[in-house]
């Protein structure tokens, strides 16, 4: 939970800009990544960069906690089943299942966070987290309204979380096996356990985030479009995952549609994943879990 909160707070301004660009907010649609980062504080003040971050923190603590805990548990189950596959594939399977579990458990909070982050000062439809929950529930079909866009999220989360945990775990095990003295150090809570040095942890986490994001990014764009639903003028063309993918591709193409905001996502995701994995490893030592 702490790992998730630290990671997301570090990159919250980039998250807000990404949502504005992905869904072509009419105030910022003509701008690029860096010009939007400069324009938001001018139009909405510096706190505008953190709009929706309260809902993000409420969501990300249970999300991070469930994801990391589920990964450890799923990995034990997969290894115990002796499926006749390598340890690297165990990581990929456990990471995918952990990501899907965490997403399903916390999805309504993600929906509310996106709606709040997409709002621009002076055009507020939602007054806060509780108000957004009430409005979505009453105006968009009860509980099903909170799960709009779940399918592309689950489909995208499997490769994203899978490759994220897989890449980090593989880099960690290779690094400690090949150069233990250069890259590793004894764990603070258990000198018998070797862990990566902090700067190496950050690097491995960053690489893991970059690879995972590249693979799953078009589905992230699809998810945001579907989550914003009624807020967008073209919402009736984005009712299903396939419809949304087709519509974004036909209207905006690959680079300016399906991969719009990807450069920002690298800037956002690499430090986010780096901080998440590094904080997780440090918290494990702090709580004597090695």
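Cβ coordinates come from backbone N, Cα and C, glycine included.
The following features are taken from TrEMBL:
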- 1-77: repeat 'Solcar' (REPEAT)
- 86-174: repeat 'Solcar' (REPEAT)
- 196-286: repeat 'Solcar' (REPEAT)
Next on the checklist: Considering every residue in the repeat 'Solcar' (86-174), what is the mean pLDDT value?
Outcome noted: 88
Checklist outcome for this item: DSSP composition of the repeat 'Solcar' (1-77), residue counts helix/strand/coil, works out to 62 helix, 0 strand, 15 coil
Checklist entry - Per DSSP, what is the residue count of the repeat 'Solcar' (86-174) in each of helix, strand and coil? => result 74 helix, 0 strand, 15 coil
